Amino acid sequence: MTEQKYIVALDQGTTSSRAVILDHDANIVSVSQREFTQIYPEAGWVEHDPLEIYATQSSTLVETLAKAGIRSDQIAGIGITNQRETTIVWNKETGKPVYNAIVWQCRRTADTCEKLKEAGLEEYIRENTGLVVDPYFSGTKIKWILDNVEGAREDAEAGKLLFGTVDTWLVWKMTQGRVHVTDYTNASRTMVFNINTLQWDEKLLKELDIPLSMMPEVKSSSEVYGETNIGGKGGTRIPIAGIAGDQQAALYGQMCVEQGQAKNTYGTGCFLLMNTGKEKVTSRNGLLTTLACGPRGEASYALEGAVFMGGASIQWLRDEMKLLADAKDSEYFATKVDTSNGVYVVPAFTGLGAPYWDAYARGTIVGLTRGCGSNHIIRATLESIAYQTRDVIDAMQADSGIKLSALRVDGGAVANNFLMQFQSDVLDVAVHRSKVTEVTALGAAYLAGLAVGFWNGLDELADKAVIDRSFEPHHDEEKRNQRYRGWKRAVKCAQSWAELHDEE
């Protein structure tokens, strides 16, 4: 009898590093997690220590093996998924970062982005990278490090510095500096990668003064990039065989590998991705065009829309409004009333994301009458998550011409049955909640497992994407459209608040 083998997924997130071990049936055998420090040097700036990221990630790997009593020679391969856009620059001779990692949330490069717009590069960037000009992406962060760290520019020109997103840094460290690589999904979030040619965009690198020698080699999301030694020299050599950015890994973990398949991750915000296959769709409706994973981990195209306030609006009800003691109670109170009684909550606390991209919109409650109580406001807040999701899905359908047949969902808020049913009603499609909540780790594990032959193909994996529950739409069309029109009016109110201020 052959000894049982396992796949490890390393899930390097914004607040914690996790390691997840899966068996051949894609069951989770063991999980280990460690949080790390969030550094805020100035208002709007966010950093991490790259050495702490690596230390927490490597220790969770050792911990989770020990916890499950699994030896390192039983690991068939390692898959990596990571927070996207976060930028690390290090010296390849010393292995030391020249500065902290600049995190995706960091807004310090807003001025550089304005200059790119003034230089008339907005359309070129959208057409060739699929992205909007924003501090969110890596390109302007690399430039900031080279411009502001003493000696960095000279070392970069001399070929001594390397750039990487978090996946690249982890692989470089795990292979003792032998492998400098990223995958298409992470490269597509840098704002300097051309998604038409699948090469680094030399025009944009030149514009930002970034030497090409710093950039990692870009490969597919499912192949053996190198090996790591667990247990030091003479230890077990394990192939690192899968890499994908967190949202693309979740899309793959949900088995959305064909054109028109879509998923929504309900976290602090909501991340919607729709696979558009080999067809690159340039959005005219405020979405990003990005790279995802095709059936074998090869590059395929996707549309992405981010909603800023998903689960965060429930936290607001709990922490600021004190309407809930526990976020889980929101479902109970929302179902105590039959409707929201004409109330709409637009949680534009930090502006509105896709498809509006309105930084000046502000949170708004409209439609209040004397009969409205706290339960109506709780219900309307939950409903806002579903309405914002529909805003993005409508934009995706308009851009791609593809009609959504069903939506696969994951993330913390999917445990709320009221929200999932309302989501199905608002979209008029079935909503499928997966049984495994760890879909991001699952995606990374699948990509690695396919590359090393742990799983033979997609047919084998499709059986593992088990649905916990499907929610079917109930509303009649007139009621659905009437409610959604009300939401659109409420959004206009949230947007006009700043406009009215300008008129004063």
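Using N, Cα and C of the backbone, Cβ positions are placed for all residues, glycine too.
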| said: Going by the glycerol site in Swiss-Prot, where R84, E85, D246, Q247 are listed, which of the candidates Y40, Y136, Y301 is also part of it? | reply: Y136
| message | Based on Swiss-Prot, name the residue from G164, G177, G401, G412 that is recorded for the same ATP site as T14, T15, S16, T268, G311, Q315. | response | G412
| request: Note down the number of other Cβ atoms within 10 Å of the Cβ of T268 (ATP binding site), including every protein chain shown. | output: 17
| Which binding-site residues from the set T14, R18, Q247, T268 come within 10 angstroms of R84 (sn-glycerol 3-phosphate binding site), judged by C-alpha positions? | T14, Q247
| field | Helix, strand or coil at Q315 (ATP binding site) [DSSP, three-state] | value | helix
| task | Compare all C-alpha positions of T14, R18, T268, G311, G412, N416, the record's ADP binders, and send over the largest distance in angstrom. | result | 25
| query | Which one of these binding-site residues, T14, T15, S16, Q247, Q315, has the sparsest Cβ neighbourhood, judged by other Cβ atoms within 10 angstroms? | reply | T15
| field | Candidate binding-site residues E85, Y136, D246, Q247, N416, pick with smallest Cα gap to S16 (ATP binding site) | value | D246
